[in-house]
Structures are given as structure tokens and as C-alpha cells.
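Visitor: Next up is a structure, given as C-alpha cells.
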Amino acid sequence: MALTNSYLQGVYETVQKRNPNEPEFQQAVYEVLESLQPVVEARPELEKNGIMERIVEPERMFMFRVPWVDDQGKVQVNRGFRVQFNSAIGPYKGGLRLHPSVNASVIKFLGFEQCFKNSLTTLPMGGGKGGSDFDPKGKSDAEIMRFCQSFMTELCKHIGQFTDVPAGDIGVGGREIGFLFGQYKRLRNEYTGVLTGKGLSYGGSLARTEATGYGLCYYMKEMLAYKGTSFEGKTVAISGSGNVAIYACQKATQLGAKVVTMSDSNGFIYDPNGINLDVVKDIKEVKRGRIKEYAERVPGSVYTEGQRPWGTKCDIALPCATQNELNEENAKALIANGCKFVAEGANMPSTPEAVAAFQAAGVFFGPAKAANAGGVATSGLEMSQNSLRLSWTFEEVDQRLHDIMVNIFHTCITAAEKYGHKDNLVMGANIGGFEKIADAMLAQGVC
Ligand SMILES: NC(=O)C1=CN([C@@H]2O[C@H](COP(=O)(O)OP(=O)(O)OC[C@H]3O[C@@H](n4cnc5c(N)ncnc54)[C@H](OP(=O)(O)O)[C@@H]3O)[C@@H](O)[C@H]2O)C=CC1
Ligand SMILES: O=C(O)CCC(=O)C(=O)O
């Protein structure tokens, strides 16, 4: 589908003019505007009230210097970001990414997508995102701590439990959240749920670590059930070997599938017997090593340097690494190899051409905003527990996560059907996420 609505075309042209050299942000906006054409045509009040012009413009964005001292005593300087994109339905909420590729475009695309994702969860969370071009790879724990303390020294001026609640993303896990939380508490002298993904000893939620990967599989389980099938006996290709990939692999395996691939930015492993997750966890969570070590430790597995896993024969693909990691050629290879179901664990991992190829071939495609919303949903549940001064059991959180993911799937199906695009989960996720935000913005006047 092309962007043919003249109002939305104008909105997109303004985005291009205002945000030159920001390809990821423009890509994310284009996809949403494309999906919203039937909504804007059915609801003239959206144009009259400038909802689209406002929703593509962040409420606020910070960029700041992050100076820190490395283990050799040398001063290093990174750049920090936080975008507070939309607060119509709740305090800004979204992760922090530490990766050398982080820039304004990446943070804005992530913050924009976060708004719709958070809305789909039905929990009261607006959209935000942040991070830095700091590369955690190869850094000592002490260097990570000094960086996190410096980053939070600036960030703490802009966040708070009722304002903006960051969490993890690429390069930010339990260790980094601990250092960030400690520094926030020290500077602000308050003990609040200002971050999620916290450790269990200081206010974290059971099942937050597992939530994005588990939630992805609960969403896929619903996609499969809708088409009359299940994970049982299916072969799954997963990319990435970080938080999302590891727990997607765990849950898909528990649900009866065989996961045969995982990857990192250097290459991928193929294990025809099914990935041994204990080995992956030891390499990635304990030793912070490279995925190629898996092939050195597990007989029968193969490591391929410099490639992604999309040439592998599979029924289901779950891209769980990073944006634009699956292009049209990869999509065609998956289709040719019999893949029938794709759900995105990473944010925007499939290029627009790849999504079009999947949809044209009848592959049932679950977009990131919906499929990976389990992480932020469970962050929302962590915020609820912090407010209640209570901790729920693993089973209770997991059951709520499951029910939220099932509900998101049906929201997508219903929204797509309402606007004449049956079974198009991309349209459904964008429309379903958008309408609640738009209604809140309409109710709150021009702000
Ligand atoms: N954590 C969460 O709760 C959520 C995460 N997401 C999204 O899921 C994705 C993965 O996040 P998460 O698992 O938390 O991050 P992690 O840092 O735990 O893992 C990231 C994984 O992706 C790989 N990767 C990163 N950049 C690239 C690249 N340019 N090319 C190839 N591989 C790459 C990493 O490999 P290497 O180690 O070599 O860099 C690593 O295996 C991201 O898109 C994130 O935004 C979405 C919702 C929630
Ligand atoms: O848990 C959160 O607040 C954020 C998760 C996240 O960054 C994401 O959904 O992309």
C-alpha cells in the first residue's frame, strides 16, 4: 500500500523536512501513516485537530554530554539521548539503548514506535526512549558503572516515577539498571520505581527478564492458533542471542518447537538438534562471550561468520536482534524455505520491502509493536507492584503477561477488520495502538 492520502502525505513531507538524515525515524513514521489512511478518512476530527502533525513530533528531546573515566584514567566522552515522545495516556515509558549505532534517528524511531506499543498493552504508559553511543562490549564492570553514573547524573533531571520511567534495551540489562538506579537514588534522595527491570532485591518484578521473549511466543502462539495450528513440532529460526532471543528460545522450546538458530553481530549458529540454551546462557549471560563459542562446545552445530540466519529452513522466524536486520532478499529466502509465520521480537527488524514480500506471499506477519510488547507490559506491571508496595509471584505476572499478549493479538485482528484489512496485523497494530492515544489527545485539547 502506498501513502496516497494528501493530508498524510503533507504530514510525512514535513517530517522529512524537519528530520533530514534520519532514515530510521522516517521509515517508522511512513509505516504508521500508511496504516492510518483509512482511519483519517473515517474520522475527519483527526485532521481538524492536527492530531497527526502532533503525534509525529516528540513533546521533548534531550541530548547531553556523558563524560566518564576509563580504567587507564583517560577521560572518554559519549553522547546521551532521551526522547519524551507522547504523554497522552501516561508517563513516558521506554528503554535505554547502549550501542555505538545510537543517534537521534534511532532514538526517535524507537520512541515513536513505543507510543503505539505501550498503548496496545492497555496500561497507562506514554512513549519515550533513550540511550547513548557508548559501546559496552569489552568494558570492565567498573567502566560500565562510571558510565552509568555519569549518564544518570544528567538523565535524573528529566525523569521520575510520574514523569518518565526508563528501562533496558540493547546493551542495558540488570547490571546497568542497578548502577543507574543507585545513582538516581543517591542524587534525588528518593526510593521510587523510577526505572523498571530492577533486580528482585530492590523492587524488580519477577518475570520481567523473561517477559519480552515469552510475550513474543505468547503472541505467536495466538497467531498459530488463529490459523489452526501450534508451536508443536515446528522448526524456528531466531536471530540475536541477547535478552529477547534467549527467552524466546526458552518459551518456543517449552511450547514444543525446535529452535535451530541464534546469532550475534558477528555471525549465526545452526544446531539441527535444537539449541542448547544452557550453553547459550553461559556464553552470553555469564561470560559475555561470542556466539561462535557455541559451535566449539556443542558437537553437530555449525557457526557461519558474517551471515544472518535467514537462509535456514524453518516454519517460524523470530527476528530478535536489531532494526533492519531482515531485508527483502532474506524474506524471499525464508519464503522459499517454507516459512509461514514471522513475529518481530526486535524493534523494526524487517525492512518495508521484507514486510511487503511476506504479506504478498501469505506469510502471517506479526509486527514488533504488538509482538514484542510483553517487555514493556511487564514493566508496567512492575510499576503497579512498586506503587502497591507488593510483589506478585512469577506465575501471577506470567499469567497477566500472557493475557495481555492474547488481548493485543485480538485488538490487532479487530482493528484491521474494522477498517477493511482483515488479518493484516501491521495495520491492526498501528490502528489499535493509535486510536487510544488519539482519543486521549482529542480529550486533552491542543497541548
Ligand atoms: N529487552 C527488552 O525488554 C526489549 C527489547 N526489544 C528489542 O529487542 C531487540 C534486542 O534487544 P535485547 O535482547 O534486549 O538486547 P541485548 O543487548 O540483550 O541483545 C542484542 C542482541 O542483538 C545483537 N545485535 C545488536 N546489534 C546488532 C547488529 N547491528 N547486527 C546484528 N546483531 C546485533 C546482539 O549481538 P552483539 O552482542 O554482537 O551486539 C545481541 O545478540 C532490540 O531491537 C530491542 O529494541 C523490544 C522490546 C523489549
Ligand atoms: O520495559 C520498558 O519500559 C521498555 C521496553 C522497550 O524498550 C521496548 O519495548 O522496546
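Cβ coordinates come from backbone N, Cα and C, glycine included.
The following feature annotations were taken from TrEMBL:
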| type | residues | note |
| --- | --- | --- |
| ACT_SITE | LYS129 | active site, proton donor |
| BINDING | LYS93, GLN114, LYS117, GLY168, SER379 | substrate binding site |
| BINDING | THR212, ASN243 | NAD(+) binding site |
| SITE | ASP169 | site 'Important for catalysis' |
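Describe the structural surroundings of these features, if you would.
Guide: The Cβ of LYS129 (active site, proton donor) has ARG82, VAL83, PHE85, GLY94, GLY95, LEU96, ARG97, ILE107, LYS108, LEU110, GLY111, GLN114, ASP169 as same-chain neighbours under 8 Å, each 6 or more residues away in sequence.
Here GLY168 (substrate binding site) comes close to GLY95, LEU96, GLY174, GLU176, ILE177, GLY197, ASN243: these same-chain residues lie at least six apart in sequence, with C-beta atoms under 8 angstroms from its C-beta.
Counting every protein chain shown, 30 other Cβ atoms lie within 10 Å of the Cβ of THR212 (NAD(+) binding site). DSSP assigns THR212 (NAD(+) binding site) to a helix in the three-state reduction.
The 10 Å shell around the Cβ of ASP169 (site 'Important for catalysis') contains 26 further Cβ atoms across the protein chains shown.
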Visitor: At the level of the C-alpha atoms, what whole-angstrom distance separates LYS117 (substrate binding site) and THR212 (NAD(+) binding site)?
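Guide: Cα-Cα, rounded: 12 Å.
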Visitor: So which binding-site residues out of LYS93, GLY168, THR212 are up against ligand 2, CB under 6 A?
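Guide: What lies within reach of ligand 2, judged by Cβ under 6 Å, is LYS93.
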Visitor: Give the subset of the recorded positions LYS117, LYS129, ASN243 lying near ligand 1, defined as CB under 6 A from any of its atoms.
Guide: ASN243
Visitor: Over all shown protein chains, what is the count of other CB atoms within 10 A of the CB belonging to ASN243 (NAD(+) binding site)?
Guide: 26
